[in-house]
Amino acid sequence: MKKHKKYNIETLILLSPFLIIFLIFGVFPIVYSFFMSFTDYSGINPHYNFIGLSNYIRAFHDEVFLIALKNTFIFVLGTIPFTTTFSLLLALLINSKYLPLKDLFKAGFFLPSVISMVVISTIWTYLYSANGFFNNMMKLFGMNALGTSWLASTKTALLSIMIMDIWAAIGYYTILFLAGLQGIPNEVYEAASIDGASKKQIFFNITLPLLKPTLFFIISLNTIRSFQIFAEIFTMTGGGPSNSTQTVVHYLYQTSFRQFDMGYASALAYILMAIIMFFTIIQKRLLRSDI
Amino acid sequence: MKKLVLVVLLSMLLVFAFGKTKITFWGFMLDDESSAKILGEFMKENPDIEVEYVQLAWSNGFDKIVTSIAANNAPDVVELGNTWVANFASQDAILKMDNYASKVKDKYFGWDSVAYNDHYWALPWLLGTRALFFNLDLFEKAGLDPNNPPETWEELYDAAQKIDSLGDDIYGFGMCAGENFSPWQQWFLPAVWGNEASILSKDMKKSLLYSTKVIETAKFYQALSKYSLKTKQADLAKAFGEGKLGMYVSGAWDISGIESNYPNILFDVALLPKPNKWSGYHASFAGAEVLAVTKQAKNKEAALKLIEYLLRSDVAMQVTKLVPSVFPSVVGADKDPWFEDHPMHQVFYEQNKYAKPAPSHPQWFKIQQYLTEAIEKIVLENGDVENTLRYYNLKIQQLLNH
């Protein structure tokens, strides 16, 4: 017992450099911004007043925030199913015995994950521009091109960012799925094929259930990441046109750093946190792994 | 005796070590090379002052300034965009400059760029504005006189229509859309000003978006949009360079951009058209780089000395030669022989006289967003002008009432 305690103190001492940094730069800002969400702190003027729940109430009367919330949900619901399905399919393809040049495919699909989102966004902004790749392709196939940038029209802006985001995210999740697939022991497949299971049966009764932990990890990671979408919006549209691509994190950035409303922005951040937490818990329930 | 010598030596060391006043200057315009040269000369003239320069980027410079002020670690002198002055002034983050400004008021242009609440909060350093770019070839092809660019809205509309009819992928005019700032800067709000109207009342308590003259301007703008390519600023410049765009409004930075990227395009610049021959004026949007001293500055006197130096015609002209999209705010800077070799830049210098900054309101960031939304509804979605303006007039009014 005594020895155990000593071990704990030693661990703490050895961990202390990290713990101190984590407390100062990790925990403190989180707690401090929670406190700030009950004030009218501007961000650059040191004086502030305690205003209770006003910021939280204000958020639900703020038209732009509600639009941002709606857009964020559209983004999350519109990208996650595609990203997950495509990356699973790609992983299965790369994992199959018949595909040559596997490493080339792995590297190729993973490449976008290595490049900064700002760089990707800048390149795609050109692809989407008025006489960019996509409009030219439309013309080539005899369709009516938009005559404007895909990002400048309220009808296509959010969709365009979603398409780009799916493209950019797939590679990373493919690698995660691939790791999950390769973690399934070969004996299970061998046993199944000896028992005469069809490919479809193998996939739905063996591969998919055994992939559940990976699937849960990927979906929750993807949910959190998608709810926090920022760099793409910041670089490509700035929330426009007419707020059609305004998202929660981008809006909270604008309220804090452009409108000097740090208290309100902190409240928005906590609302977003609550939403993300809610969805992660639901996903955990739905995808509970029994293995 | 030995002790005395030691004391003297030590105090001399202290004087040498701490004798220099050290100030920090955060700016956007100067790069490493030019700051070393320009600030080096300043330090030669003022051997007791040492300046440390930090170059900011447009993408995150504003955030850096805000964070530094919040962290109580602000630079002494900071270069601000003129649309930010009201923000920082209303938060009491920069010093009032009334005393200094009253002494030098006649020497510089651009004072409304630094005014907020009847006080001056910074000094105008470099001014930039927008003018009309037009393609000489397309003018000729459409039967227009390239030596007589449109001077009035009607002439502009007429020219846009004629050029637009030249082909499917040829557009008469370029209108900014799908971005945060350019839709109202280039050129809706200046057109409203040119029409001798305004979107906020003088005391900034009333929104005037739903008024006869603004409606008139918006209707003209919507009509013009039918012959326009409506997209982002960068797309417009590209289309213009590729010879697909007759006219568009942009800043002097596009002169060198087009000349180097599209050497085959023949183009010229002109003052922005005014509503008609007998009324209104060639209004344009004024961007300005202004210099402010932060409230947290440790050495206010040295900071002012640096600003005084940077404002000097010869020093500011050095920046213009490096970045030929901004011009010194000093009256008479166009006497510099550089302008003779750069006639298009001369037009911009001339246009500066009709240029106005955005209204100096701490809520401007939000107001301009509403304005952008309204313009995009009108030109991108062909929304009903009066209904749209009435709706956004109300929204802006709500903001002003707060």
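Backbone N, Cα and C atoms are what each Cβ position is placed from, and that goes for glycine too.
TrEMBL has this to say about the protein:
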- A:69-283: domain 'ABC transmembrane type-1' (DOMAIN)
- A:12-35: transmembrane segment (TRANSMEM)
- A:73-95: transmembrane segment (TRANSMEM)
- A:107-128: transmembrane segment (TRANSMEM)
- A:157-181: transmembrane segment (TRANSMEM)
- A:202-221: transmembrane segment (TRANSMEM)
- A:262-282: transmembrane segment (TRANSMEM)
Report summary line: Among A:12-35, A:73-95, A:157-181, A:202-221, A:262-282, the most Cβ pairs under 8 Å with the transmembrane segment (A:107-128) come from A:157-181
Query raised in the report: For the transmembrane segment (A:73-95) against the transmembrane segment (A:202-221), do we get 3 or more Cβ-Cβ pairs below 8 Å once near-sequence pairs (under 6 apart) are dropped?
Result: yes
Query raised in the report: Which range out of A:12-35, A:157-181, A:202-221 gives the transmembrane segment (A:262-282) the most CB pairs under 8 Å?
Result: A:12-35
